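Peer 1: According to TrEMBL:
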{"type": "DOMAIN", "residues": "67-138", "note": "domain 'Polysaccharide export protein N-terminal'"}
{"type": "DOMAIN", "residues": "146-190", "note": "domain 'Soluble ligand binding'"}
{"type": "REGION", "residues": "280-336", "note": "region 'Disordered'"}
{"type": "COMPBIAS", "residues": "303-319", "note": "compositional bias 'Basic and acidic residues'"}
Amino acid sequence: MTTTRNLIPLFLQMALLPLLAGCSALGFSTYPVAHVMTDDTKAVLEQTPRNLDVARELSKEVQVAHYLQPGDELLIETIDADVDFRLPADQRVLADGTIDLARFGRVVVASKTLEQAEAAIQRLIYEVTDRPTHVNVRLIDPIHRYYVIGEVNSPGAYSLTGHETVLDAIMEAGGLTPRASACDLLLARPTEPGSCRVTLPVCYRAITQLGDTTTNYHLKPGDRIFVSRQSLCEELTGPLLGGRTCDRCCKRQVACCDPRVAPTDLPNFAAPMVDSIAPMDPPGSLVPDASIPDQEYVPSAPRDQDAVEPLRRPAEPPKETSPSLDGELDFGSLQG
């Protein structure tokens, strides 16, 4: 009798071996550790209120003014046609927050808007040439990134241009892998140490199969999209329960009687607060003075809003000394 009882667990283990071997062949482990949503993450995700007021696919927001930072790639051009110099066109903001303007030296542009960077460059040129010069600074490649992590075919960091949504990001990363969980997807936004956490659930099937934009969020700089790996239970029950609606995405879906109600022809970006941003005049430029009756032009003084950190001027080249005729060192300057 005892022998029979001991054999029962052995038979169970042998019966499970083909199952475990099959899971290993499919790339699954009985104890998966990679790309698994932690208990802390699930707890925070469950505490996240539903129907948050965040930008989505059909209600995108224009990003706030871009402040330059190390890594941003800029294109710098002079607007005036009569200048007798050329600026280095393609510039990448260095780690110390500066760009190199050749003979004009280096200027700090980090933490400035494009207009403030233009004013700083124009003032530096004016200090060297004593003539006003208009400069245009364009942002070619911003350093803003978003991240797609987990069970996608091409995880990594991707450039953020300002229009991307969660679906755009997943498609940019090559789509989900066969091991991806259809329910454990989230968007995490960077937050300060010790503060609350922002995690937003992503209902991938509702986005792709029903066109539901509720969780197709408009991405912001630093967003992390995490795609969890299927658990062993999900893999085994997939043929039976794979088509069920995820618990976090469980809500009533209603078909539209008229497909024309979909707002595909409406602008999906909120209007910016200003219509235009005027460039700053360079120091010494000619502007009209309202106090003069005949509207003569007088040179303008530098404005307070153009104030920037002290600029670093290029070092003076060392003066060349004529070598001695015999090629030996000249120590005449050391004689008392």
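For all residues, glycine too, the Cβ spot is worked out from N, Cα and C.
Since this is a predicted model, take the numbers as computed values, not measurements.
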Peer 1: Using DSSP, what is the helix/strand/coil residue split across the domain 'Soluble ligand binding' (146-190)?
Peer 2: 7 helix, 22 strand, 16 coil
Peer 1: Mean pLDDT for the domain 'Polysaccharide export protein N-terminal' (67-138), as a whole number?
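Peer 2: On average, pLDDT over the domain 'Polysaccharide export protein N-terminal' (67-138) sits at 92.
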Peer 1: Can you count helix, strand and coil residues in the domain 'Polysaccharide export protein N-terminal' (67-138) using DSSP?
Peer 2: 19 helix, 19 strand, 34 coil
